[in-house]
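> In case it's useful when we look at the structure, here is the feature table from Swiss-Prot:
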type	residues	note
ACT_SITE	SER148	active site, nucleophile
ACT_SITE	ASP314	active site
ACT_SITE	HIS347	active site
BINDING	ARG218, ASP348	substrate binding site
DOMAIN	43-353	domain 'AB hydrolase-1'
Amino acid sequence: MNINVNIKNIIIDKPLKLDCGQTINNYSLAYETYGSLNENKDNAILIFHALTGDQFVSGINPITKKEGWWSYAVGSGKAIDTDKYFVICANVIGGCMGSYGPSEINPDTNKKYGTTFPVITINDMVNAQFNLLNFFNIEKLFAVMGGSMGGMQTLQFVNNFPDKAKVAIPIACTASHSAQNIAFNELGRQSIMADANWENGDYSNQNKNPNKGLSVARMAAHITYLSKNGLQEKFGRKLQERDDLKFGFDADFQIESYLRYQGSVFVDRFDANSYLYITRAMDYFDLVKEHHGNLSKAFEKTKTKFLIISFTSDWLYPTSENKEIVIALNAIGAEVGFVEIESDKGHDSFLLKVPKFLNTLGDYIKTAYSKN
């Protein structure tokens with residue numbers, strides 16, 4: 001995958017002290033923008049991407065040649081209207097779309113970092129992306145938002161910078177990664193590390209790729225993004241291009257073929273070590289523990305207005321976990337709205353064309369900006 005094509009990036013020379021104790025300097029942050037920053041510089045929206053996302057939220061991704069991961073929501077006349085708002089999205093540090101990550105060259109060794117790369121956290125990701133405000137000379141964002149891991153970054157941003165966003169929209173997320181989700185992430189990591197081509201994380205320097213392990217990790221994770229009813233309705237027990245069972249271990253069922261396909265295409269656009277590092281960052285995320293068991297304290301200094309959105313069939317970050325955020329905000333008298341969207345598409349609902357979600361998101365943003 002050639003990531004040197006049409007990538008915008010800034011080199012941040014301000015030292016960043018990571019939660020692991022290391023300090024990084026002169027690191028790259030890849031980003032993309034949509035729309036125009038107005039004269040008052042009050043129409044900027046910072047979008048945080050999820051685990052396997054990147055900075056290309058809309059239009060055509062110049063690397064993969066596919067539509068951006070949130071093209072349903074971001075664009076001219078869409079819920080996040082780029083005719084009105086200036087949208088910024090950066091590839092997180094630890095990622096593999098041009099930002100400082102394990103596939104970058106370590107200047108001290110002239111080799112790719114691999115697993116010598118420092119372990120990073122959601123907090124580190126957010127602190128790195130905060131530099132974008134200075135780069136664009138933006139004093140205060142109109143909004144910060146994101147789904148899944150993007151929602152975690154949204155919460156962390158408000159915690160870290162309580163006066164730097166007027167509106168925050170965390171979608172389908174949590175304030176503390178659950179044991180179940182840590183378990184799923186560990187399954188993926190072990191799949192990668194069990195691949196003989198992983199080479200203790202040094203595979204890139206040896207011209208190898210742990211594609212089998214990464215593919216299985218993606219297959220396992222992808223199941224958690226869907227729902228039981230959605231899977232049953234779409235696939236059921238339908239056979240894959242055959243009239244009867246073959247009594248072997250080929251893909252008899254359509255769902256098997258679908259998962260294998262998802263795994264195979266994923267390895268073409270994602271780095272295995274980045275998968276390890278980013279899932280670890282998600283597992284370490286715990287705003288509740290950070291505030292000694294009182295989530296409300298994460299937001300007590302902010303006047304940011306919140307809209308929390310969850311989905312009925314999301315069992316990865318269920319409505320109950322989203323409501324915990326609402327309860328914490330209510331406890332400090334924050335201005336918070338909450339919407340649970342009916343959908344059978346599971347956790348991935350926020351990435352798909354779910355009209356009620358897109359309408360809710362667009363209406364809220366439009367109303368909030370009119371009061372800006």
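Residue numbers in this text run from 1 along the chain shown.
Placed from the backbone N, Cα and C atoms, the Cβ positions cover glycine too.
Fair warning: this is a prediction, and the values are worked out from it, not measured in the lab.
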> Near ASP314 (active site), how many other Cβ atoms are within 10 Å of its Cβ?
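Within a 10 Å radius of the Cβ of ASP314 (active site) lie 28 other Cβ atoms.
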> Can you check how the pLDDT averages out over the domain 'AB hydrolase-1' (43-353)?
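Mean model confidence (pLDDT) across the domain 'AB hydrolase-1' (43-353) is 97.
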> Quick one: of ARG218, HIS347, ASP348, which recorded positions lie within 10 angstroms of SER148 (active site, nucleophile), measuring between C-alpha atoms? Sequence order, please.
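Among ARG218, HIS347, ASP348, the ones whose Cα sits within 10 Å of that of SER148 (active site, nucleophile) are HIS347, ASP348.
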> Just jot down the residues in the same chain as HIS347 (active site), at least 6 apart in sequence, with C-beta under 8 A of its C-beta; none if empty.
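Set apart from HIS347 (active site) by at least 6 residues yet with Cβ under 8 Å, we have SER148, ALA172, THR224, TYR225, LEU226, PHE311, ASP314, TRP315, LEU316, TYR317.
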> What count of other C-beta atoms do you get within 10 angstroms of the C-beta of ARG218 (substrate binding site), across all chains shown?
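I count 22 other Cβ atoms within 10 Å of it.
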> Looking at Cβ-Cβ distances, which residues of the chain lie under 8 angstroms from ASP348 (substrate binding site) while being 6 or more apart from it?
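Looking at Cβ-Cβ distances below 8 Å from ASP348 (substrate binding site), excluding near sequence neighbours, one finds TYR225, LEU226.
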